[in-house]
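The next block holds one structure in the form of structure tokens; read it before the comments.
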Amino acid sequence: MRFGLNIDHIVTLREIRKTYEPEILEALFIAKNTHKVDLITIHLREDKRHIQNEDVLRLLEISPLPINIECSINATITDFLCSLKNKPSKVTIVPENRNEVTTEGGLDCSLKGLEEVIRAYHNKGIEVSLFIDPLKDSLHFAREHQVKQVEFHTGVYANLHNALYSNANNQIHAISALKDKSPKELKEELHNAFLQLRRMSKEAFFMGITACAGHGLNYTNVKELLKIPSLRELNIGHSVVSKAVLVGLEKAILEMAQLIKR
């Protein structure tokens, strides 16, 4: 299983104060020196709430690890990434809403302009991945447009797992739709969410598409996904950075790597 470390929220700390620290390149090399991280993931959002264009340029210039850039189909961002001298190892196209706290679901593959953006990256020799819900129609779209990799949105699975097996439902930011569900209901929905991820990962494998997954994964809910043999990569960020605030980035990375690289 490949471990993709999302370092967006290292930069969130910097941008909150509009200062120079924490240094994104220091985070990069801490990750590299653990010898446990396979790639670095960043999300270049339209609103630039964390990662900036300059961060992209600096990372691509010196990173010893592959860089996966998440982004929307925004024309300005597409043009910027297609113009880069140093190319990312892949671009993962994600849905984006300026009012969202974080990505809320998978990509709508009927989105106007999506096909043109995929073609633009392919024409520049940049691998494309699509951040999708685990649905067969989305996989068929990927195959039809020569997309060799997808990342399944694991938010539904992760939220259900957290509601059932942690104290998430008692916290200030508890998800209201899950608070009133019984443990039996949560278990059934969690089981179904896991089965759907497993089915679609297997479907992707038979289509010749590499299946990755990410969103909301943490030190508790990630373990079950290791039972899906056709999943090849997990992208995890917020949970690792949250733990890093308390124990340090190196230790937080190593603890996660110990879980997913058995």
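Just so it is clear, glycine is given a Cβ too, placed from its N, Cα and C backbone atoms.
Swiss-Prot annotations:
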BINDING   ASN6, ARG17, GLY216, GLY237, HIS238  3-amino-2-oxopropyl phosphate binding site
BINDING   ASP8, HIS9, ARG45, HIS50, THR102  1-deoxy-D-xylulose 5-phosphate binding site
ACT_SITE  HIS43  active site, proton acceptor
ACT_SITE  GLU70  active site, proton acceptor
SITE      GLU151  site 'Transition state stabilizer'
ACT_SITE  HIS215  active site, proton donor
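All features noted in Swiss-Prot, drawn onto the structure.
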residue	record	DSSP class
HIS9	1-deoxy-D-xylulose 5-phosphate binding site	helix
ARG17	3-amino-2-oxopropyl phosphate binding site	helix
HIS43	active site, proton acceptor	strand
HIS50	1-deoxy-D-xylulose 5-phosphate binding site	coil
GLU70	active site, proton acceptor	strand
HIS215	active site, proton donor	coil
GLY237	3-amino-2-oxopropyl phosphate binding site	coil
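Counted within 10 Å of its Cβ, the other Cβ atoms near ARG45 (1-deoxy-D-xylulose 5-phosphate binding site) come to 21, all protein chains included. In the three-state DSSP assignment, the secondary structure recorded for GLU151 (site 'Transition state stabilizer') is strand. Of ASP8, HIS43, HIS215, all annotated as recorded positions, the residue with the shortest Cα distance to ARG17 (3-amino-2-oxopropyl phosphate binding site) is ASP8. Checking the recorded positions (ARG45, GLU70, GLY237, HIS238) against the residue listed as 'active site, proton donor' with a 10 Å Cα-Cα cut-off leaves GLY237, HIS238. Only GLY237, of the recorded positions GLU70, GLY216, GLY237, have a C-alpha within 10 angstroms of the C-alpha of HIS9 (1-deoxy-D-xylulose 5-phosphate binding site). For the pair formed by GLU151 (site 'Transition state stabilizer') and GLU70 (active site, proton acceptor), distance between Cα atoms is given as 11 Å, rounded to the nearest Å. Spatial neighbours are here defined as Cα atoms within 10 angstroms of one another, and by that definition the neighbours of GLU70 (active site, proton acceptor) among the binding-site residues ARG45, HIS50, GLY216, GLY237, HIS238 are ARG45. Shown in sequence order, ASP8, HIS9, VAL11, THR12, GLU15, HIS43 are the residues of the chain, 6+ apart in sequence, with a C-beta less than 8 angstroms from the C-beta of HIS50 (1-deoxy-D-xylulose 5-phosphate binding site).
Here ARG45 (1-deoxy-D-xylulose 5-phosphate binding site) is positioned 15 angstrom away from GLY237 (3-amino-2-oxopropyl phosphate binding site), judged by their C-alpha atoms. Cβ neighbour counts within 10 Å, taken over all protein chains shown, single out GLU151 as the most crowded of the recorded positions GLU70, GLU151. The two recorded residues GLY216 (3-amino-2-oxopropyl phosphate binding site) and ARG45 (1-deoxy-D-xylulose 5-phosphate binding site) have their Cα atoms spaced 18 Å from each other.
Taking a C-beta cut-off of under 8 Å and a sequence gap of six or more, ASN6 (3-amino-2-oxopropyl phosphate binding site) has these contacts in its own chain: ILE40, THR41, ILE42, HIS43, GLY214, ASN235, ILE236, GLY237, HIS238, VAL240.
Across the residues annotated as binding 3-amino-2-oxopropyl phosphate (ASN6, ARG17, GLY216, GLY237, HIS238), the two Cα atoms farthest apart lie 25 Å from each other.
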